[in-house]
Structures are given as structure tokens and as C-alpha cells.
Amino acid sequence: MRVLQILLLLTIVVGVKSDGAPFDECATDAQCPADATCIDTNNNDFNDRCSCNTDFFPYDTGVTVDGVPQTMCTPIVCDPTDPNQCSGNGDCEVEGGRYVCDCYEGFTGEICEMPITTTTPTTTAKRRNVVPIVAAGAGLLFLALLGAGAAAASSG
């Protein structure tokens, strides 16, 4: 009888989850990541499953805390099986384990909904000051060479 009590206690202790619980196991919504709900899968309070809310899907962050992989719910931006994704201005691709829109040239935004427009006025460089600067530089070079030549002639 004592062995059964110990096994029951051990089962209860193992079933209780802490804040570091794996993503798919929970006892309350607070133990699930943001945008997820604890779903009662077996009509008891232990070993229920976190499920991402509508329009979110589980994303493995690649981070572990105390050996437990940390998963979060990330918004579903696009579905690669739907040809009308990304506003028709990009392709739905997997990036870092989640689906994102890869916008065509000329478009931006989470779902490629915004055309890129240039609002910065273009300016043309003015060249009117270039000639005096070049002439002054050439004059200084000439004087330096003339001075070096004169010094060489007087020492020889």
C-alpha cells in the first residue's frame, strides 16, 4: 500500500508544471506563451496542451531554458499553399521556421501591401566650383616642383 501512495504522489508532483513547462503541456493559460490557450485534452488539470489562438502558429525560437525548448505563437502572415498571398506582390516563404512574405522589388510591408515610393527629392551636383579648386591645386603642385628644382640646382 505504501508503494502505491508513493507512486501516486510522484505522479502528482511530475504532473504539476512550473513556468518553465514545455510549450505543449500546461495546467493553466498562464503557463502557455502569449497568444496561446491551455486546452483540456484529457478532462483533468494535468498534461493539457497549449494551443495557439486563431491566426497564430507555434514557432520554435531555438532557445532553451533549463533544457526546455521555448516555443512561442507567432502571427500567421501567409500560407504558402494559397497563390493569393502577400497581396500578389511577393512570395510566401519559410524564414527562421515561420512563414513570411518575401516582397518583390518595389513593395514592402508585412504582406507586401505598400509600394515603395521615393519621397526624397533628387539633387544634381553643381560643378561650377570644381575648376577653381583644380586650378589652385595645379598651381600649388607647380610651385612645389619649382621649389624642389631650384633647391636641387643650387646645391649642385
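Heads up, the Cβ atoms here are built off N, Cα and C, so glycines get one too.
As annotated by TrEMBL, signal peptide applies to 1-18. The feature domain 'EGF-like' is assigned by TrEMBL to 74-113. Among the features that TrEMBL reports, disulfide bond is placed at C103-C112. The transmembrane segment feature in TrEMBL is assigned to 130-153.
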What's the number of neighbouring CB atoms sitting within 10 A of the CB on C103 (disulfide bond)?
21
Could you tally the C-beta atoms, other than its own, that fall within 10 angstroms of the C-beta of C112 (disulfide bond)?
22
Could you find out if DSSP has C112 (disulfide bond) as helix, strand or coil?
coil
